[in-house]
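Single-structure report; data block below.
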Amino acid sequence: MSSSNVEVFIPMSQENTNGFPTTTSNDRKAFTEGAVLSFHNICYRVKVKSGFLPGRKPVEKEILSNINGIMKPGLNAILGPTGGGKSSLLDVLAARKDPSGLSGDVLINGALRPTNFKCNSGYVVQDDVVMGTLTVRENLQFSAALRLPTTMTNHEKNERINRVIQELGLDKVADSKVGTQFIRGVSGGERKRTSIGMELITDPSILFLDEPTTGLDSSTANAVLLLLKRMSKQGRTIIFSIHQPRYSIFKLFDSLTLLASGRLMFHGPAQEALGYFESAGYHCEAYNNPADFFLDIINGDSTAVALNREEDFKATEIIEPSKRDKPLVEKLAEIYVDSSFYKETKAELHQLSGGEKKKITVFKEISYTTSFCHQLRWVSKRSFKNLLGNPQASIAQIIVTVILGLVIGAIYFGLNNDSTGIQNRAGVLFFLTTNQCFSSVSAVELFVVEKKLFIHEYISGYYRVSSYFFGKLLSDLLPMRMLPSIIFTCIVYFMLGLKPTADAFFIMMFTLMMVAYSASSMALAIAAGQSVVSVATLLMTICFVFMMIFSGLLVNLTTIASWLSWLQYFSIPRYGFTALQHNEFLGQNFCPGLNATVNNTCNYATCTGEEYLAKQGIDLSPWGLWKNHVALACMIVIFLTIAYLKLLFLKKYS
C-alpha cells in the first residue's frame, strides 16, 4: 500500500455485496423531504491532567480532527473502534458536547442549528434512562406532558402516544412496567424501544442514538435496527454510533462513517465501502462481515485482512503493531482525503453552506414548552408513583421504625422521676436524635440514583432544574422523613411515660421532623452531583460522628475549650437534643420526697429539671427552646441551597 498522494478514484455507483445476496427492497430510496445535517471542519480538543502532582499543566488531547460529512434522511451509521471518537462525534452533532475546545460548523439544511435544537431533535442514550417503576405508557405520557406544547389537548397527546406505541410495536406491553432490579418488566428490546419512543413523542426529523444495540442479543439488536430502518423510510434522519454490527444489520445502513483516532477513514454510501477499500489495496474474503473487516483494517489486524504486500510493508510492522497503528491510521486518512468520495463530499458541503463562513453557536440554552408549575406537578406525580411502585425501601423503613420504636419503648419503659430517670431520659432523647440523623443517610440516593436520568431529561428540555429539585422534595423527601418521625413519636412517647401534655408531645414530634429534614438536607448537599452512593454515605457518616461528640451528652459543652467550642454550632444532633431536653425536663421534679430545706443543702443532687438544664448550659426561657428549631431551619435552607446550586452547575455535557 503506497503512501503517495495519488488520487484513489472509486465510481460512486460501484457496489460490492461480498458474496451476500443483494436486497430487492428500495432501502436506498432518495428522500425529497427531511432534514439534511452537514458538519464542516469539526475539531474537538480536551485538556486532560498529566498527573496527580499539583502544578502540572493539563495536556491538550485531540479527540476529533477536521471531520467533514453529510447525514441525509436514512440510516447514518458511525462505526469505529473503542476510543475512536464515534460517540464524541455523535454528541457534537447532537449539540450535547461541552463547547469549550470545539470548532467547526454543524448545519441543518444549510442553516445554523436553532438554539432549541437539543429539544427539537431526539437523542437516545446508550444506557436506557426510563423510569422502571412506571409502565411503558406512563413513561410516554411523562414525555408528552412535558415536551409537547400546552396548546395541544390531552386527547391529541394521547393520540400521539398511541401512534408511537403502535409504530414501535409496543401494544402488548403498553401497560406493563418497564422493570427494575426488584421488579420484573419488559424485555431488553422492548425497553430500548420505549427509550426510542420517549424521543419520538416530539416527532423529530433528526434522531440520534448512542450504540442502540449495546446489551442486546443479536436477534433483538437486528429487530431494533429494522425498526429504525422503517422509521428512516418515513423521511427521518437517523444518526447513530455502533460497534461491530453483524451483516444483517450492516446491509440496512444507507451512509457509513468510519472513524479511528479522531480521523475520518471513510464517509459515503455504506454499500460502496467494500469497493472503496478494495481499490485502496484491501480485499475482504468472501462471506466475511464487512463491519468486522473495516475494523480489522483500522486496527491493523493483518491476520484477518488480505493485504497487497508492497515493498514498504516490512516485517517489523507485523511484529510491533503498536508502532504501526498510528502511521496506518494516518495513511488511511490520507487515502480518503485523496479519494473521489472526499472530493464530492466537500463539493456538496460547499453547496450546502453557500460558501459562506457561519458563525459558531454555543448550545447551552434550553427552551421549555411548559411552565414551572406544570413541570413541578408532573415531576412530583412521577416521583410519587415511583415511590408507590417500588415499596420495598419505604415499607422496610417503616417496619424498621416500628420495631425499633417498640424495642426502645421496652428498654426505657416507664421512666421514673428520680436520679435514674434523669440519666434514662437524657439517654433516650440522645438516641432519638442520633437515630434520626443516621436514618436520614438514605437520602443520599435521591439524586445519585437518578443522575443519568436527570441529565438526559434536563438537556432534552423536559423540565427546569428548579422543577425537578422541588418536585423530588415534595413527593419523595418530605413524606419519607415525616412519616417515620410521626410513627416513632407515637410509639415511644407513651411507652416511656414522658411529660403528659399535648404541647410537649407535638413539640417532640416537630423536633424529630426538623432533625430528620436538616440531616436529609445535609445528605442532599453532599450527594448532589455524585455518581457513587458509597462515597456520599461515607462522608455523611464521618460528619455525623463528629456532630455526635458536640451533641451535649458525650461531653458537657460548657467544659469544652473556647478554641473548639465553636464546632458545636455546626452539630445537627446538638440542636435536636437541646430542644428535646428543654421540652422534657422543664418543670420536672426528680426528688419528690425531699423538702426545699434539704434540697438547698444537698447541692450535689439534681432535683429539678431546671437544675439539670442549667448545668447543661441550656437557656430556660421559651427562646431557649425555639432557637434550636430556628437554627435547624436555617441549616435546612443552607443545605438545600447548596444541593440546588450543585445540581444547577452540574456538568451536564460530556
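Every residue, even glycine, has its Cβ placed from backbone N, Cα and C.
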Handout entry: Partner cysteine of CYS591 (disulphide bond, per Swiss-Prot) from CYS607, CYS634
Key = CYS607
Problem - Cα proximity to ASN556 (N-linked glycosylation site), best match among binding-site residues GLY80, GLY185, GLY188 - result: GLY185
Exercise for the section: With an 8 Å cut-off on Cβ-Cβ distance and a minimum sequence separation of at least 6, pull the same-chain contacts of GLY185 (ATP binding site), or say none. Expected result: GLY132, SER176, LYS177, VAL178, GLY179, ARG191
Problem - Cα-to-Cα gap, LYS86 (ATP binding site) vs CYS591 (disulfide bond), nearest whole Å - result: 80
Fill in the blank from the handout: CYS591 (disulfide bond) and GLY80 (ATP binding site), compared by Cα position, are separated in whole Å by 83
Fill in the blank from the handout: Across 395-415, 428-448, 506-526, 630-650, the most C-beta pairs under 8 Å with the transmembrane segment (477-497) come from 395-415
Practice task
Could you round the CA separation between GLU211 (ATP binding site) and ASN417 (N-linked glycosylation site) to a whole angstrom and send it over?
Solution key: 70
Completion exercise
Counting other CB atoms within 10 Å of each candidate's CB, the least crowded of the glycosylation sites ASN417, ASN556 is ASN556
Handout entry: Contact yes or no, the transmembrane segment (535-555) and the transmembrane segment (395-415), 3+ Cβ pairs under 8 Å, gap 6+
Key = no
